Amino acid sequence: MTRSLDVEDQQRLVAAFMRVDGMRVRSTRDLCISVLERGLGHRLPLVRHERDLHDVWQLVDACLACPGGIHALVEAVETFHRGSRPMLAVRAIVEELLPEPLLRPSERRELRELVLALESQGMNEFYLAALPALYRRAVGPVGPPPDRGLRGVQDVVAQLEEAPLGTDGVPPLLVFVDDLAGYAKGATATALDEWTSRFAERFGLGRDRLQRLRALRRPVLAPAASAASAGRDAFLVIECRPDGAAPDRFLISAWLQFAGEPGVMLRCDEEPQPLGRLPALVEALLVEDSRVAARENPELTVEFVLPRELLNLPFDQFTITVAGLPRRLGIEHPVVMRSLDRLRHQALRHNWRRKWERLRDEPGSATVTWIGEPGRYDGEELYTLLSEPSAVGLALAFPPGEGAPGPVDEVWVGLQAGAPIVAWCRDERDPVRFAEEVRALLGSDPLSLPQRVRELRRKAVLARATAATAATVTAVTATTGVTATKATTGVTSATGPVAARWPEGAGEPGGSCEQGDAVDAGATTGEEHLGLHLALVFDDADRVPEPYERLKPPA
């Protein structure tokens with residue numbers, strides 16, 4: 001990471017160095033550079049110049065590009081000019097313009113040697129590809145992005161040394177080095193652990209905080225899923241993070257998770273992508289990535305971790321092509337959404353965890369609040385309604401943002417209240433009809449909702465085919481006068497009794513509707529079928545994507 005100064009400040013610093021006698025003479029300047037490089041533990045990428053002023057400018061440039069470089073240069077020059085008035089002026093300017101480096105020179109040298117030892121053990125392409133993910137986990141979800149030119153572990157260490165502290169007060173470099181120790185072997189692993197222990201003690205973190213950090217140590221990339229994953233629920237988690245510089249582009253990351261196991265990093269983009277590329281990226285992960293395609297468990301849920309502005313997009317309608325046959329993503333796999341904003345706001349996690357634990361442990365007592373029209377409740381009223389312990393879900397007959405006076409809409413209130421389940425129709429729907437359809441869909445086991453929504457989407461595709469066949473037969477009958485029998489696909493389906501609980505009053509918040517007479521959500525035919533328009537947030541608080549693990553409370 002390059003720490004730059006503006007031209008005026010760099011001129012001040014160079015001029016201050018030029019007032020030191022030894023810096024104006026090439027031979028003594030060479031001696032200072034020799035001492036400097038010995039202190040850093042490596043050679044500087046320095047381009048020399050014939051003119052003294054230009055040569056000192058190049059030296060300052062090279063030191064600015066090196067973590068702790070300017071401070072090390074001051075120490076080297078002070079070896080020969082300690083206490084002189086020009087030297088005191090140099091130190092004063094450095095203290096004014098640049099913060100004190102995170103590492104002491106001896107710590108930096110030792111860490112550099114350990115990283116070289118780690119690299120000599122042979123970090124294969126999988127682990128080198130993990131570096132952006134390790135970086136992101138170190139800085140946390142709101143930390144600065146990695147530099148575009150990161151080529152190896154030393155580059156990551158250099159950038160993280162100058163990264164700001166995490167929200168937990170832990171230096172990102174410490175998190176990164178602690179994770180590196182998990183990849184190392186033998187004496188190198190032990191030495192990295194000892195380095196982190198000494199640094200944490202000097203930094204004042206305490207042994208207990210370091211132990212909590214090590215409890216979160218997880219591999220973020222692996223060549224293949226372990227054999228122990230066979231038979232466990234599998235999840236392909238795809239995150240789209242907005243890029244601050246380009247609001248229409250997103251940083252895309254993906255993990256493969258198995259229930260009860262750490263996530264396996266599949267990709268972590270450094271370059272923001274247009275959203276239009278996402279379908280092709282999803283198809284490539286499902287079809288071409290052997291870690292996904294060759295998994296032991298055939299059942300795979302696809303989860304999209306999204307910012308609020310993307311929640312109403314039809315991700316389940318993406319077309320994927322496998323061996324030449326195109327089909328919708330949502331009929332091949334259960335497809336759900338998760339809230340990126342809730343993951344990034346620590347204050348929103350408490351309600352979410354409480355509601356998820358209620359849903360997980362007592363699904364029979366869970367209720368889903370239904371709202372038929374936008375703007376019926378203001379934000380505080382709806383938040384209060386959803387704060388009931390049993391209110392784990394929200395169902396809307398309209399898309400988010402409809403009729404909302406500002407950035408707070410019903411979906412955002414539901415997420416803030418902790419609801420792990422939020423469902424809505426992407427196109428506004430008749431409220432009574434929607435209430436009947438969703439009540440049938442919820443059934444007696446809300447935890448299986450993603451699988452039942454997939455079945456609904458499959459019914460929607462068959463319903464379209466039935467409607468098209470019926471329309472064709474009707475057209476032929478009208479043209480020829482031939483009497484036709486009722487068109488059918490030959491496919492039958494049935495919906496059993498439902499046991500979803502609802503708030504009071506004939507399908508609106510405040511009362512209770514019992515099971516028994518619900519309408520089959522798959523009974524509608526053609527383009528109006530709910531399966532083509534239903535959006536589902538299903539947010540499992542027990543499975544937090546890898547970069548957000550540091551935000552979880554300690555066990």
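Going from the start of the chain as shown, residues are counted 1 onward.
Just so it is clear, glycine is given a Cβ too, placed from its N, Cα and C backbone atoms.
Within the set 427-451, 502-526, the record from TrEMBL flags 502-526 under the feature region 'Disordered'. In the domain 'vWA-MoxR associated protein middle region 0' (104-214), the DSSP tally of helix, strand and coil residues is 77 helix, 0 strand, 34 coil. DSSP places the residues of the domain 'Effector-associated' (14-94) in helix, strand and coil in these numbers: 60 helix, 0 strand, 21 coil.
Summarised as a single figure, the pLDDT of the domain 'Effector-associated' (14-94) averages 93.
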